[in-house]
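Q: Just passing along the structure, written as structure tokens.
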Amino acid sequence: VFPSQDPLDRADFNASLANIDEVVNKIRLKIRRLDDNIRTVVRGQTNVGQDGRQALEEAQKAIQQLFGKIKDIKDKAEKSEQMVKEITRDIKQLDHAKRHLTTSITTLNHLHMLAGGVDSLEAMTRRRQYGEVANLLQGVVNVLEHFNKYMGIPQIRQLSERVKAAQNELGQQILADFEEAFPSQGTKRTGGPSNVLRDACLVANVLDPRIKQEIIKKFIKQHLSEYLVLFQENQDVAWLDKIDRRYAWIKRQLVDYEEKYGRMFPPEWCMTERIAVDFCHVTRAELSKIMRTRAKEIEVKLLLFAIQRTTNFEGLLAKRFSGCTLADGTVKKPEVPPPSTNPFLEDETGAETDEIVMEKSDTDKPKKPKVPDNPFHGIVSKCFEPHLYVYIESQDKNLGELIDRFVADFKAQGPPKPNVDEGGAVLPSCADLFVYYKKCMVQCSQLSTGEPMIALTTIFQKYLREYAWKILSGNLPKTSSSSGGLTITSLLKEKEGSEVAKFTLEELCLICSILSTAEYCLATTQQLEEKLKEKVDASLMERINLTGEMDTFSIVISNSIQLLVQDLDAACDPALTAMSKMQWQNVEHVGDQSPYVTSVILHIKQNVPIIRDNLASTRKYFTQFCIKFANSFIPKFINHLFKCKPISMVGAEQLLLDTHSLKMVLLDLPSIGSQVVRKAPASYTKIVVKGMTRAEMILKVVMAPHEPPVVFVDNYIKLLADCSNDTFQKILDMKGLKRSEQSSMLDLFRLRLPAPPPGGDGSLSLSAPTPEQESSRIRKLEKLIKKRL
């Protein structure tokens, strides 16, 4: 069956035993040969063990010889090392002797230099040879450092004391020379600085730093003594209106210093900057004192004039000096604010005339380079901060007058003219208000980033609220009815059957304009809050919060949308009332849409395009208007639908046709009357489909026969998914059933209700019809209408 190379499996195999003896002999011959081979191999292995033992003994002997040689080498190495030590012992001694001798010679040379230097130093000090003393003193001090470890030797200690005494004598002598050259009392020398004083400054660099500080202090004090006399508190030039003269005086003094004394002091002393800084400290103290004394005389214009001139002077100092002398922490350098992506302020240079630009794409634009920090910021102007309440009170008054002017202008000019081609316009007063806010914020931040900014923020909050209520909410048109006025507070109260007057075209445009303005104010107020937080000190950021003002503008937006919804809703009320008063049981045939549907569509086509065009710049709020109108109109339509009773089969079919027509109009509401057809937002479409489908299901239940009752009840539960007895009762009333029939139907309805799921609230949860199911129902409705026609 399987392929095989075995001779026994071959087809020509001969199974007879005729040659069995021959085969047996061959096998025996093979066995004999194998035995011989085995015997030979065994004999060859008899001597292997003896050879292995012999080889092991030879290896052990070789290892012993190797160990012996290693020990000999180790012994020889130890002997060699000992010989090397004996040879180098004398060399090491010579090296130590050489090093000690070198140190001794060097120390003796230093001692000779120190002794000679101290003698020369004392002699030069007496002769006031400060030029030579400056170099010699530094060398003597350096040499003396080498003898710090030898201070226990009396002679060395004596030399050290002589050096210290020479330094003290030099310090006192140099101070006396400067006192003589620049006396604290009297007039300055007219001959100018001498070379002796210039060399004395070089010596002061080597002496105790206190000597240098004393020289600087005395010189600057003497240099500014004239300033204190000229600008005394009782002088006319000391008041804020002549503050320019202070800065002009110091400019002249600095120029005079550079010409007369610029080369006397070493450049690293930064004397020009030190004079300017001390002048700033003195000026700040003097201005603070005189402003406390004459606080009642400070006016806003005078204060701003003084601050402007002072900040300009501080900026001039920043251009001229590096601020290296401020490292003592006298003036705190301003913190670098983080890069801003806020478009509220584009540039602080010329910020008073810039317009506020609110573009979201600003965050994608390259950032403008930051202006270098001014280390002198606030070195003088800090003194004005306690008096900034005058500025804050002035801004409070100015903003109050600005709001009053806005109110007067609005009354005089009237509402903005309707211009549907350009969309709802933002009120011009809004931009004016925020431009003024921007100017105030930039101006105040230049004056102070502390508490005055918080006070200004409080003023901003106050007038943002006033603008919202006086300009925006105060100018929203009020609806009127036959029973009297209807204000915003009563907009949410539904008054069915009341004759509500519609808004005119101008009033609709005004509402949309106020809505757009409120949205602009909301966004700009958020940017204003962010920019205020950037301007104020980090420790005060948490106290800036304009959330309440943003909520106020949100309320204005909500009220505006509610007014628009209320107006259109009220315009549709008479049509719905007419629908509920029709005799639907007497309708004999199904025709075109009913007159009340035509009336509703007419009102929608009149109002919605105007609102949409005027809210073109705020599409999201137009979408909110559509959603709120659908949420208001559809439940009201269903309530009026329940009032249509009794309804015949033909009447129900006519109502179903009307409901479908309204549904199509509502779905097209966002783009009705527009040349550009846009797809309605999904959130709006969902509300319309859900609400109007419920109305259609109600009519389909009404059209269904109530016999047998079980089928009718099950059909109601399936279509409406409403467990309310009231709703079922209304359906029975629409069908015109008698009370006895309704009672049995209600009992059956309660029995047929499905059990609520565990943990549920007892209401049915049936899935909404899919678009395919809805399309199928519409086709069935069209067939039914054609059949009736």
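Even glycines carry a Cβ here, placed using N, Cα and C.
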Q: Checking feature assignment: coiled coil per TrEMBL, candidates 14-55, 56-97, 182-223. Which range matches?
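A: Of 14-55, 56-97, 182-223, TrEMBL gives coiled coil for 56-97.
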Q: Choose the correct range: of 332-351, 752-771, which one does TrEMBL annotate as region 'Disordered'? Give that range.
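A: The range carrying the region 'Disordered' annotation in TrEMBL is 332-351.
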Q: Could you give the number of helix, strand and coil residues in the domain 'Vps53 C-terminal' (653-737) as assigned by DSSP?
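A: Here the numbers are 63 helix, 0 strand, 22 coil.
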Q: If you average pLDDT over the domain 'Vps53 N-terminal' (14-410), what do you get?
A: 75
